[in-house]
Each structure stands twice: as C-alpha cells, then as structure tokens.
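Read through the structure below, which is laid out as structure tokens, and then see the notes.
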Amino acid sequence: MTNAVQTHTPAARAKPKKAIQGEKLRGYDKVARIPIKIIPTVEAKKKPDWIRVKLSSPAEVARIKSTLREQKLYTVCEEAACPNLPQCFADGTATFMIMGDICTRRCPFCDVGHGRPNELDKDEPRHTAETIQGLGLKYAVITSVDRDDLKDGGAMHFVEVLNESRALSPNCLIEILVPDFRGRMDIALDLLTETAPDVFNHNIETVPRLYKAFRPGSDYQHSLDLLKIYKERRPDIATKCGFMVGLGETEEEIYKLLDDLKAHNVDMITVGQYLQPSKDHAPVDRYVHPDEFQRYMDYGKKIGFFNIWAGPMVRSSYFADRQYYGEDCPAPIRSKKALAAEGKLGC
C-alpha cells in the first residue's frame, strides 16, 4: 500500500492564495494549508477497464445545464466533477447543491472550491423548487457545501428548500445529503427533525485511520452520532451513508466501518471508487476490483442493511431513487476482452 500523503514539507511552490470572500480556491490553493500535505501527482495510475460510464444524450445534458444556469443553481455533479454527470443528466436527474459553491472545508479528495462563502441567496429555495417542478422530478437529492460560518450550519436553509419544494411538487420524494454540522448538531437536528426529508443522508467518506489526512476538521464518531441521533428522533425516516475506497484503507477496515454504520442504525449504504480530481488532490492508492465491491455488498446484506450499493462508479446519489425502492446495484460496465481474461465472459 502506498502513502497518499506526506508529513514533511514538500518542494517549494508559489505561496498559496488567501481566501477572499466569494472567490473559490481550487487544487493547490485549496489543499496547501491542510495538516498533512499532498504530494502533487506526477504520473497518475492507469484506470482499469471497469472505470467506465454509459454514453448519454448531449441534448438532455445541455437542457438540464441550461435550466440550472437560468435559475442560478449549482449541482454537486458539476462542482465535484462527478464522472456520472452525463448519465445522470441524460436520465433527467441531478443533485442540487445549495448554499453556494464555496465550501469552508479543505478536504483533499473533493473538487468543490474552498474559501469564504457569500451570504445565502434568499431566492435559492424557491429557485430549487421551481427547477424540481420544471424538470418533473419524482425524486430529488439536495446537498450542500459545508457552511461553518453559519450559526445553524445551514440547517434552516435545508428546511426552506424542503418546504418550497414540497409546496410545488408534493409527490416528489426528497433526499438530503447533509454536512456534519460540526458544533451545531443540536440546533440542526432540531430543525430537520421537525421538517424531515424522505431520506437523511450523511457521508462518512473514509475509515477513521485516514480522517486526519482526508477529512481535516471532521470527526469520525461525530458523523456516526449524527446519523444515529437522527434515526432515534425520526425512526420513520430512512438514513443513508456513503464512503469511498481506494484511499489507502484495508478490506478489514471497510468491514469494521460497515459494522459501525450498522451499529448506528443506518439503513442504506453507498460505496464507490475514489477518483482523483487533479494532480494536487490526494492520489488514488489503488483501483478496487469489482469482485471486492461485491464482497462488501454481500457482507452488508449479511449484517442487515436495507440496501447497500457498492461499485466503481457508485456515488452517494447515484440512481438514489432506485436504491430507495430496494433495487439491486447496477453491474459495472466492462469490456468483453477484460471479462474473457478473467474467465467471466458470459457469466
């Protein structure tokens, strides 16, 4: 296993930019000040054949992007450079990212820009609701950047989006993918307990050993507690959690992570391959084989999760409606040549 980070000072580079309100810092400027420094990637690992996405309709992708720009909205699909964007947009689905496009955290696996965010857009809840209605969505996913600058972490803004969206699209199910509300858990959970989504999702991202390197400013147990406490308050609402593999974790650590999530009453799980957004982000430690993802799904079913999706291209909101309704995880797209080489052609 290779090290994804270093604890000594790297070769000298230009001094990183300082955060200016409303300006996004990306790449080196974003990660330069995290505790464990990233070694810029010189040569990325070659992607295996199973890192593939389905071809999509350019016209539908363009239509959704046009609608989003008209309403001045962001999607995590675009801001985090999700590889599934063409497929999801062509399917008429998108994960809306509220509270702006500037995050107050500096996670080195994420492509969302860091900095000092602007004030909340008071029209964003209405614009989000109008877009959900205009696209005719039956299932919508709402996520956000971290907003450590807000007294409630942005929980009330989630509530306003929920209320506006349900007023215009009462039959649309809404999943929220929330930040950890660090230092604001009680007030955030009070608000989201009273005005609840259909699915409460929070990503734990990685195993506890890797938190200092990959989730600076976050706490593993805090994320577990957020999920457990919400389920205790609203046992009628499905809880969900996602994490990545390929950052340097071991298979045994993943099984322990799944045990922890089950012990904290999480209902649904997503597990996906980490893909490096740029040379200045954390490098890929390894590409996890589809057979290993299958072992995680088998284990998750064995210990009693309602549904677990694990695969190279799985993300927390990947076909979220299908997972909610209990469908099985789609198989990864692979070439016949690769399957034949593994003796699996026709299986």
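For all residues, glycine too, the Cβ spot is worked out from N, Cα and C.
On a predicted model such as this, the values are computed, not experimentally measured, just so you know.
As given in Swiss-Prot:
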{"type": "BINDING", "residues": "Cys77, Cys82, Cys88, Ser317", "note": "[4Fe-4S] cluster 1 binding site"}
{"type": "BINDING", "residues": "Cys103, Cys107, Cys110", "note": "[4Fe-4S] cluster 2 binding site"}
{"type": "DOMAIN", "residues": "89-306", "note": "domain 'Radical SAM core'"}
Environment of Cys103, Cys107, Cys110, the listed [4Fe-4S] cluster 2 site - residues of the same chain whose CB lies within 8 A of the CB centroid:
Lys30, Arg105, Arg106, Phe109, Asp111, Val112, His114, Val145, Asp146
Spatial neighbours of Cys103 ([4Fe-4S] cluster 2 binding site) that are distant in sequence (at least 6 apart) but have CB under 8 A:
Cys110, Val112, Gly113, His114, Gly115, Pro117, Val145, Asp146
